[in-house]
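J.: Pasting in a structure now, in structure tokens, and then I'll have a few things to ask.
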């Protein structure tokens, strides 16, 4: 934040009309009423951003009859951790019914495991394969490199949503419908974005470092794993986190591919949970508890790597 | 995304030129290693991206129900598409959604970005702003369905305290699309703001200095300096967000499932319905091609507009 002082010359500004004046004061940066107003706007935005999360927690810690009798209560009506127990399968059917749950079996642990398997499979494979390709584009000399690279470029422009239907047909023909592998497969090998993102960083690594390793007798493959990858640890970590989040939160593709509990991931399970309950008797406490648990791993990941993720958002990789 | 430059530097491109003339040069040719490195990614690109692209277009000219082999029907699917009122309705619904979603989101994100730029560089603040983006569309949709529930949602509770009659945010056909657009603004505004914020940080400080010396106020500086300089970046942001917005599905699927009375039957939902409820993969593919064409046109238009006078930056 620069400290350039702005002198109060609003009155001489030629084009000032009333709505603009309001703006002028809002973005004022000295400790003026304008700055106070700017912070006030920021706080309102933060409240809108964060309050729904409080509401998830408040709802998840209530009983359903309580929720319906006190819809406006700011604290959990009839505080209980029953909804979490219900979701995690630790509550008896009688207790569940008493708190407004459906009493039906919810295979939450299975969905959680499926989500972890899909996201891990996608992240590990996609990042490794994309890094290998990025290295071949950034550092190796081979015939047809520019042409193959142009193909990857073209791939970047295909909207994912267009490939979903044909990919579904393909996965069906491969007999992988309703399997974790079938969900992971299309994004397991690469995304054009990942290849570009990493290529950009590899190109920035000084040639000399690699050549020194080569002179010491390291092979190309050895150089890649022992020199290049460690040097690019930071962008690789960033990419891995972003890939994991994308895979974890994906809904449309797993919805197409998975039909039963054996491959159902959390996002799809939440949708089914919601769709199956009657409009009047939705188990909101349970649904919010499940949503919170589904989102929790992403919050933890974010808390651990917030700076990295926040700073990765920009145009460095793609501009 | 579209602004990626394929150049790999002078060294690399000149070497490929010589290799093209005399391939078996002993000097330095990594072809064998390179093929190994590129193989998995190339397989993925070919099998799960380029081949589906071609296949999707091919399927749009066929009658296909997954069980019997696809049967070529020429332009029948496209003729049907042109005459299908539901398709055009859902196209209209989608465009309406995109206009609301992108319009509001861009303004809000710009305000957040400017406020952050002016007030603080705090990573904590940027992290907080990004929080909704961490949860899936599904969770975002469910939370807001609950908050805005007509009878028991706290949203309508607050309205009743203000003396306003309850609104069926997701159940009233006039409200459903605006509500869904706002839910997605909520989820994406922080992310978009950080993109714009990153753009703001690339602007040279000297021009602000100059504007200040010229006695320009905040508003004038924003409209005459910041916005024109930011235009190439805004164009990129808009291309990305608009293309994303057209593909809306998750939020609609878990909140209204297309209702009430088809009021939120966005294109992706109709396509999904056609493919997976009615098993008309050929027709669904034709509609996908329609969407692909729309997205292509938008990209080209925006790319042109953003390139029209890049001299802004100079």
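A Cβ is built for glycine as well, from the same backbone N, Cα and C atoms used for every other residue.
Any TrEMBL annotation is an automated prediction that lacks curation.
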J.: Tell me which range among B:208-228, B:229-249 TrEMBL lists as transmembrane segment.
T.: B:229-249
J.: What range among B:11-32, B:33-54 does TrEMBL record as transmembrane segment?
T.: B:33-54
J.: May I ask you to indicate which of B:95-117, B:256-278 is given in TrEMBL as transmembrane segment?
T.: B:95-117
J.: Report, as numbers and ranges, every residue of the chain located at least six residues beyond the transmembrane segment (B:229-249) whose Cβ falls under 8 Å of a Cβ in that stretch; write 'none' if there are none.
T.: 1-3, 94, 97-98, 101-102, 105-106, 180, 184, 188, 192, 195-196, 199-200, 202-203, 207, 266-269, 272, 291, 294-295, 298-299, 302-303, 305-306, 310, 312-313
J.: For the transmembrane segment (B:167-186) and the transmembrane segment (B:95-117), decide whether they are in contact, meaning at least 3 CB pairs lie under 8 A, counting pairs 6 or more apart in sequence.
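T.: In this chain the transmembrane segment (B:167-186) contacts the transmembrane segment (B:95-117) - 3 or more Cβ pairs sit under 8 Å.
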J.: Within the same chain, where does the transmembrane segment (B:95-117) have neighbours whose Cβ lies under 8 angstroms from its own Cβ atoms, ignoring anything closer than 6 residues to its ends? I mean 6 or more beyond.
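T.: Same-chain contacts beyond the ends: 125-126, 129, 177-178, 180-182, 184-185, 188-190, 192-197, 199-201, 222, 226, 234, 237-238, 241-242, 245-246, 248, 266.
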